[in-house]
Structure formats: structure tokens, C-alpha cells
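Engineer: Straight out of Swiss-Prot:
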- Thr71, Asp156, Glu218, Lys248, Asp252: substrate binding site (BINDING)
- 219-221, Asn253, 282-287, Glu305, Asn340, 361-363, Asn409: NAD(+) binding site (BINDING)
Amino acid sequence: MTGNLVTKNSLTPDVRNGIDFKIADLSLADFGRKELRIAEHEMPGLMSLRREYAEVQPLKGARISGSLHMTVQTAVLIETLTALGAEVRWASCNIFSTQDHAAAAVVVGPHGTPDEPKGVPVFAWKGETLEEYWWAAEQMLTWPDPDKPANMILDDGGDATMLVLRGMQYEKAGVVPPAEEDDPAEWKVFLNLLRTRFETDKDKWTKIAESVKGVTEETTTGVLRLYQFAAAGDLAFPAINVNDSVTKSKFDNKYGTRHSLIDGINRGTDALIGGKKVLICGYGDVGKGCAEAMKGQGARVSVTEIDPINALQAMMEGFDVVTVEEAIGDADIVVTATGNKDIIMLEHIKAMKDHAILGNIGHFDNEIDMAGLERSGATRVNVKPQVDLWTFGDTGRSIIVLSEGRLLNLGNATGHPSFVMSNSFANQTIAQIELWTKNDEYDNEVYRLPKHLDEKVARIHVEALGGHLTKLTKEQAEYLGVDVEGPYKPDHYRY
């Protein structure tokens, strides 16, 4: 380290004032702290939880390893967890999503300086390689005292959970399987990390798995992984599916996306959206936010869907429902939002208009066939960070690809705004408290937060926006068969 600038050429943690970390530049901490203070005013859910729980310290003793986009909003979450008594180590869950000033602010802490940081260990910087990303994930899960490993995981996308559970699985098998030639590049890096670690430590991940009391998962893709682990009998600790809390999925996924998709495309391309033909792949909560955002800009929007219910919803909102093959040749902008893989393949990319824009807002980079594009012989010119112009020599057509097929709203912009993330992160904090303080009540299965906690999060934010809720009379509550104070809807209610 030279001055405050952290070099990442050597993958070893930096240590200052007893804190190990690896970030871009500690001198950015003051800028990060200023933005963090503004964000706190826009995150009433987290600030309310600080006021409610600061004295009782419900997370005292919790050692939380967190894998979630290292943004300003996440910085407020991290400092909420520590304010409630937890110790925390952090890494980002995406190679492009870190806001370097936010990472610096968290390491330095509210009472430290770059020369004497007093914050939280963070291992994240914008523009990591895959090798750096998985190295950082391991550092986040590796606590200084081997006798006091992580005992809670806070995850987004399931990478931290997968690292622990797959690592334990391979340790018990006595071997890390070899990568196949056609495996994705990231899977090869993942297996190599586990293989290298197994050579020096035969039970690292097993010890961590046995210590972990639970995991709380932020996003749709990570929840899918959790259910797959549970179905296979491989889930070694309880999990709370935060994503399917109503105040997460119906707000973060839809309204957050509605804001940040446009921001990412504007910052990445400066292209006018109005009047353009836009194809949104997927019409779940995220896809709905995308389609609504594009419609609001005056675009002509079409949607692809596998589910007839979602497809009918799209048509009732005025969107054409088409197949990729039908629409790809006419689309000016294509956005994938399915949570699935192999949505836009090389043959689709080759059929796109000259200078059409292609991006993804699903969690992983496998919705767009980036590997096929890289093998195609197309030439790549980097226009600016996370904006690439790919040109096919046989046709002369060029395609603008955002964030290398990864989350464009975080790679090209700054992600979802603070207020909507306050909903999601309030749920995360409550879920961490729930699993930590009531661990005996949970088996190694996937759970959702109870309805009354969902309503609690919503109530905080309604009041913050100046709304006034109507209060049921006792007679009205009896008529509906609910309590005066709620919950007001059954679990099967679809908001």
C-alpha cells in the first residue's frame, strides 16, 4: 500500500490499525461518509431499527459474513448491524457493483481516519476479476480467530452460502471435482479456489458450516439456490428467504428497478429511450419494473414470458408478448430480467440491429451468452468502463453491451435508491435478529419472515412518506376476522 491507495496486484489483505481489508482507496472515505449520511435520511427502516434495538444489542455475539453489493446503501446496513451488536466482515456479490467510496467509508468507520481506521473489514472494489472476486469472498468468510468462525451469513445471490456448502460437500467427499472443458469460466475459478484451499486445510468449510446459525438471502436467484440445497438435503443451517417478503419483492424488485434501469442505460449510453423499440425478457417483479420504466420514457415495449399468467398481466398493461426470435431483429434495446440462463444466445445477438443496446438486470451473467460472443471472433472495443462495442466482421454490425452481461443498474449506475433499499435491508436486519435470537425454533429449511414483520417494515415507510393509515374499529376487525393491529392479510394473499 502506498499512502492511502490500495494496490490489488498481490492478493493479500492489507492491515491497518488491526483491521484487515482490501479496497480501492482509503482516501475516498470522507466522500463516502458524506453520501452515507445523506442515505441515512432516506433509509427510515434501518434508522428506526437502530433506535429500537440499540440498547438491547440483539446481535451481540453474532459474527456476520456478508456478501452483498458494497454500495452506500449497504454501508448503512452494515453500520446498522454493528450498532445492534454484531461483528461484520464484508465482500461484494458482483465484480462491478462496489462503490469504492462506500467501501472506504465502512473500513474507516464513523470515528476513524484513513491512517487509523476503526470500521469493518471489507474486501471489495469495482472491477474485480473473477479470481479476485472469489478471493474476496473467501476473505469475507475467514475470520481472524479460527476458533471463532463466522456464525451468520447475509447473502445476495447465494455465493457465500454456496462456497461454504459446496466446500463442506467436497471436504466430506475427500476431493474437489475437476472442471469440465465447457464449464463456465467462473465455475472453473470457484473449483480452483476450493481445490487450492483443500490442499492446505481439509476441513475449513466444514468448521464454518457447523458454526453458522443461519443465512438470510436477499435475491430471487439466491433463494432458488437455497431451495435447491434444501431439496437435496444439503442445507446445513436454517435460511430466511428475505426476497419473498412483500416489502422486498414488490418494492425493491419492481420500484427499485424502475428507477435504476433507466439510470444505468442513460449513464452507459446517453441514448434516447423514447420512441425506441424495447424488448424486456421476463415479466416477474423485476421485469415489470423494467417494462414500466421504459413505457414511462415513451418506448414501445414488448415482453417475453414463459408463464401465461405473467404474460396476460403484461398484455393487460398494454405490452406485446412475443418470443425473442420474433422481436430481436427490430429491438433497439434488449434487457434480460428472467433469473434464468441462456436467454439471449449468440444467434440472437448476431440478429440484432446495428448499434442496438444489450444489457442484463438479472443477478448472474448467464442470461446473455457472453462466452459465445467472446468465442465468435467479434472484435471488442471498450468505450468506457462497463460499456463495450462488439463488432461482427462478417456483417459489420456492432452491438453495445453493458456491464459485460452483468447487472447493468449496478455496473453502469449506482443501483437502487436508498428509500427502497431501506425496505429490503430492514427485512435483512430483522431476519438476522430472528435467526440469531430464536435459532432453536428453526430447522435446516427455508423460511419467510412472518406477515406482522412485513407490515412493520411497511408501516415505518408509510409514516416516513407522510401517509396516514386508517385504523380498524374493534367491530370492523371482528367482521374481517383480523386483529385491530394486524396482520391484515393471509399468507396466500397476492399484493
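Yeah, the Cβs are placed from backbone N, Cα and C, and that goes for glycine too.
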Engineer: Counting across all protein chains shown, how many other Cβ atoms sit within 10 Å of the Cβ of Asp252 (substrate binding site)?
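Structural biologist: Looking across every protein chain shown, the total is 26.
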Engineer: If I take the alpha carbons of Ile361 (NAD(+) binding site) and Glu218 (substrate binding site), what is the distance between them in whole Å?
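Structural biologist: Cα-Cα, rounded: 15 Å.
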Engineer: Round to the nearest Å and give the CA-to-CA distance linking Glu305 (NAD(+) binding site) with Glu218 (substrate binding site).
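Structural biologist: With the alpha carbons as reference points, the distance is 23 Å.
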Engineer: Are there residues of the same chain, six or more positions away from Val286 (NAD(+) binding site), whose CB falls under 8 angstroms from its CB, and which are they?
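Structural biologist: Counting only residues 6 or more apart in sequence, the Cβ neighbours of Val286 (NAD(+) binding site) under 8 Å are Thr220, Asn253, Lys254, Thr257, Ala337, Gly339, Ile361, Gly362.
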Engineer: When you tally the Cβ atoms that lie within 10 Å of each candidate's Cβ, which of the binding-site residues (Gly282, Gly284) has the highest tally?
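Structural biologist: It comes out as Gly282.
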Engineer: Within 10 Å of each Cβ, count the other Cβ atoms, then let me know which of the binding-site residues Lys248, His363 comes out lowest.
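Structural biologist: Checked Lys248, His363; of these binding-site residues, fewest Cβ neighbours within 10 Å: His363.
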Engineer: Given the substrate binding site residues Thr71, Asp156, Glu218, Lys248, Asp252 in the record, what is the largest Cα to Cα distance, rounded to whole Å?
Structural biologist: 17
Engineer: Could you check which of the binding-site residues Thr71, Asp156, Asp252 is the closest Cα neighbour of Thr221 (NAD(+) binding site)?
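Structural biologist: Ranked by Cα distance from Thr221 (NAD(+) binding site), first place goes to Asp156.
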Engineer: Near Thr71 (substrate binding site), which residues of its chain come within a Cβ-Cβ distance under 8 Å, counting only those 6 or more away in sequence?
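Structural biologist: Same-chain residues close to Thr71 (substrate binding site) (Cβ under 8 Å, separated by 6 or more) are Ser97, Thr98, Gln99, Ala102, Leu410, Thr414, Gly415.
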Engineer: Within 10 Å of each Cβ, count the other Cβ atoms and name the one among the binding-site residues Thr219, Thr221 with the highest count.
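Structural biologist: In terms of Cβ crowding, the pick is Thr219.
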Engineer: Just to be sure I understand: of Gly282, Gly284, His363, which binding-site residues have a C-alpha no more than 10 angstroms from the C-alpha of Lys248 (substrate binding site)?
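Structural biologist: Those near Lys248 (substrate binding site) - Cα within 10 Å - do not exist; the answer is none.
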